[in-house]
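Undergrad: This is the structure, below, for whatever I ask next.
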Amino acid sequence: LPLLLEVSLLRLASSNYHPFYNGFYYNNIMNDKGNGQDKVDYFNGARLVVETPKDPIYSSNGANVTLPCHYRYEPDLEAKRKIRIKWSKLRDDYTKEQDVLVAIGKTYMAFGDFRGRAHLLQAGQRPASLLVIDVRLQDDGKYRCEVIDGLEDESDVVELRLRGIVFPYQPPHGQYRLNFHEAERVCQDQGAILATFHQLFQTWSEGLDWCNAGWLADGTVQYPIRLPRKPCGGLHLAPGIRSYGPRHRHLHRFDAFCFSSALRGEIFYLGRPAGMTLEEAKQSCQDAGAEIARVGHLYSAWKFQGLDRCDAGWLADGSVRYPITKPRANCGPAEPGVRTFGFPNKGRFGVFCYKER
């Protein structure tokens, strides 16, 4: 980009730019009542309107998605205008924004993790929609589309939700051993991220019932209960998400709720008559041109690909699990789910391998 234009885009991203005159008209009326109030600006011209969908936009890991945003004037203005557009990703509490993309005319710049993935969709007379390619788990959330025309600055918010699955996770050394930052890392190690509240709520509505409390992405600790019982908040409480509220991110220790979306590859099972140790299992996956699967991979394959295997297999964290979509005799409980044997120190099993497409 030319240096002057690049500087302009960077200033727009930080909202520290000087607006230019654009033909909108204001009347400045001084307050003469002597009560110390400031002057009031009355608007006498066309109004800028920005609109995004009210319903969430759904996508999945590795896909491409468009977040629609449109703007217009009331009454309509036909003249070509020098419009500035800014896309930001919001936190759940709206206290902080992450710059995604800024544009002046047809020239735009993306920032951070969105560099090379975020693009201004050029279709239409007044392009303001955001195209995100190769969607990642952390892209889930709310986005603000802001349109600036001189003194006029209007915005609207659209929500991107990834289709996925939340699974509870305990590390090999036992229950309630993770502070917040360790919980973030173990989820990433399993091909996932810490779940948000709405992701946990969605999985609860689909049947998740888990009595152990776990970290969520906002630093709160919660757990989902479908069947109220004494050890899980008491019989007198209705089904729902139980909350411990925000906890100290360094001192307090719980489990984790991890979120994984659709796979970019495939999972397959390898077995031997005598089974394999964990190290032998890892080598078998490598010999097959794959890697040993992570816990998030197995849950995603069970959820989105209908993986059903009544044979226990090693995973990368040293756990042994198997996925069941059609419950049957000798394959665990009567409900679908991912069964676990824990983290056996000894034993020989098959292995679940993952291969990227």
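In case you wondered, yes, glycine gets a Cβ from its N, Cα and C as well.
When I checked TrEMBL for this same protein, it listed these features:
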DISULFID  CYS211-CYS232  disulfide bond
DISULFID  CYS310-CYS331  disulfide bond
DOMAIN    47-158  domain 'Ig-like'
DOMAIN    165-260  domain 'Link'
DOMAIN    265-355  domain 'Link'
Undergrad: Fill in the CA-CA distance, CYS310 (disulfide bond) to CYS211 (disulfide bond), as an integer in Å.
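TA: With distance taken Cα to Cα, CYS211 (disulfide bond) is 25 Å from CYS310 (disulfide bond).
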Undergrad: To the nearest whole angstrom, state the Cα distance for the pair CYS211 (disulfide bond) and CYS331 (disulfide bond).
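TA: About 23 Å separate the Cα atoms of these two residues.
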Undergrad: Of CYS211, CYS232, the disulfide-bonded residues given in the record, which has the fewest other CB atoms within 10 A of its CB?
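TA: Minimum Cβ neighbour count within 10 Å, taken over the disulfide-bonded residues CYS211, CYS232, occurs at CYS211.
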Undergrad: Return only the integer: C-alpha distance in Å from CYS331 (disulfide bond) to CYS232 (disulfide bond).
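TA: Spelling it out, the Cα of CYS331 (disulfide bond) and the Cα of CYS232 (disulfide bond) are 26 Å apart.
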Undergrad: For the domain 'Ig-like' (47-158), what's the model's average pLDDT?
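TA: That stretch averages a pLDDT of 90.
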Undergrad: How many of the residues that make up the domain 'Ig-like' (47-158) does DSSP mark as helix, as strand and as coil?
TA: 6 helix, 57 strand, 49 coil
Undergrad: Just how many other Cβ atoms lie inside 10 Å of the Cβ on CYS331 (disulfide bond)?
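TA: Here the count is 15.
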Undergrad: Counting across all protein chains shown, how many other Cβ atoms sit within 10 Å of the Cβ of CYS310 (disulfide bond)?
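TA: CYS310 (disulfide bond) is surrounded by 15 other Cβ atoms within 10 Å.
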